[in-house]
Amino acid sequence: MTAETGRWIRNFVDGVFVEPDEDRGFDKVDPATGLVFARVHEADSSLVDRAVAGARRALDEGWARTPVRERAALLRRAADRIEERFEEFVAAEIADTGKPVTQARELDVARAVANFRSFADVVAAAGQESFLTDLAGGRQSLNYAVRKPLGVVAVIVPWNLPLLLLTWKVAPALACGNAIVVKPSEETPATATLLAEVLAEVGLPAGAYNVVHGFGGDSAGEYLTSHPGIDGVTFTGSSATGSHVMKTVAPRVRPVSFELGGKNAAIVFDDVDLDEALTGLTKSVFTNTGQVCLCTERVYVQRSVFADIADGLAERARRLRLDRPTDERTTTGPLISQQHRNKVLGYFELAEQAGAKVLTGGGIPQLGPELAGGSWIEPTLWTGLTNADRAVREEIFGPVAALIPFDTEAEAIALANDTDYGLAASVWTNDLRRGHRVAQAMNVGMAWVNTWFLRDLRSPFGGVGLSGIGREGGASSLHFYTEPTNVCVQL
Ligand SMILES: NC(=O)c1ccc[n+]([C@@H]2O[C@H](COP(=O)([O-])OP(=O)(O)OC[C@H]3O[C@@H](n4cnc5c(N)ncnc54)[C@H](O)[C@@H]3O)[C@@H](O)[C@H]2O)c1
Ligand SMILES: N/C(=C\C=C\C=O)C(=O)O
């Protein structure tokens, strides 16, 4: 039983890989070269129906009542099995995204293992809420909450960190006894499909994990979110799509968890260690070619160190190595698609029309014939823009940031919070009292001080405003993926 036969990436429904329908396929392109390397079977509404029915049956036949310790043990087996098949997952993620092999190993696949292990620990250690209440007349009452699985959960994920973001939801959802129907991004079908093999190998019952491939509207994504058999939706993607999914789910008032877009700010004070700040900012602007929801696209720098930061960051950007994904020296891959590159290039145009000065980048790199067909773009930095410009207000989701000077702490806080998003921020200063103060003043879900994307998987992850609804991570995930029944007993 394998995810791919020859060229096809298949749907995994009710415990089996479904024979593809030649008439319902779409090409999967390698973003590094532009070459087609597989075809993906697009699930129709009847196959989505079968996936939801299979999930429901898995719940009813016992998966929902599996003891916590057995679910935790299964998650740990899944982590071990992903480690055993580590390089297969790395190869699949690279083929789908074109990302550098070093990142696929150290971030994407490593975090998938960590996600399963973390939620095995969290669910095994979770207690239940209970209260003993003293009543008049010396009597008492006992309140206790019993948490049950949400049920059949639709998991819809994006293309930027495909396996990391998928397992960030699959691990806690399974830990809590739910059954899942996954709709991976059409851009990155491979690792969600390979995960189906692993979960079957470690004993997850048929139907508890399903993968349906396709697009959003009028395709598998919308068939799933509008399906009457779905008990909840966890969605990671753009804010616009999240808003659409919210409308689709609204008539049936199902719980939703949204991890959406961002326009994240970094604030650099004049007392920073320049080398430390430049290392951290290079990571936060250019990791995954800027295709991380947490990436910095606005860098506010205290005026006296503005030139040092601007010149230093431009120099670091120029040293990034854009090359074949399988080359260990490569630091930076392509964007996910030509379509996304056109979107990013559109913002390059808008910024220059608004008077941006291009410190570095601003175009398409010439990388030789093998990569000429890929969706490559130059890491880019701008000065000369303001918070009024579209390139500073709208999420670009590429290797690009605007550097803007400030004078006072109050001004920096106001500039950083002047956004419709609210996902993440970073504060760079050696004055830790100021670091705490400014981080707490950020209207975001997550604020880092002198670091970026450093994660404890037990902490709440998510955003405010256009960046999302709800939190996942640690107990926050257990609360979303379960429904409590509070029992009150008169003693
Ligand atoms: N907050 C986070 O944790 C986080 C993490 C990663 C990416 N993102 C965001 O995701 C975006 C990039 O990913 P993307 O381009 O895949 O986002 P997207 O919104 O275009 O697609 C996300 C997923 O939703 C599906 N989809 C699209 N339309 C749908 C519909 N009408 N109904 C159901 N499903 C639908 C897509 O097929 C894909 O699987 C960026 O905005 C980025 O900020 C956020
Ligand atoms: N959800 C997480 C990362 C999101 C990255 C966005 O692109 C995580 O680290 O758990």
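Residue 1 is the first one shown; counting continues down the chain.
Here the Cβ of each residue, glycine as well, is placed from N, Cα and C on the backbone.
Caution: TrEMBL annotation is automatic and unverified by curators.
As written in TrEMBL, here are the features:
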type: DOMAIN; residues: 17-486; note: domain 'Aldehyde dehydrogenase'
type: ACT_SITE; residues: Glu259; note: active site
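Neighbours of the residue listed as 'active site', defined as other CB atoms within 10 A of its CB across all chains, total 27. In this model, the domain 'Aldehyde dehydrogenase' (17-486) carries an average pLDDT of 98. Mapped onto three states, the DSSP output places the residue listed as 'active site' in strand.
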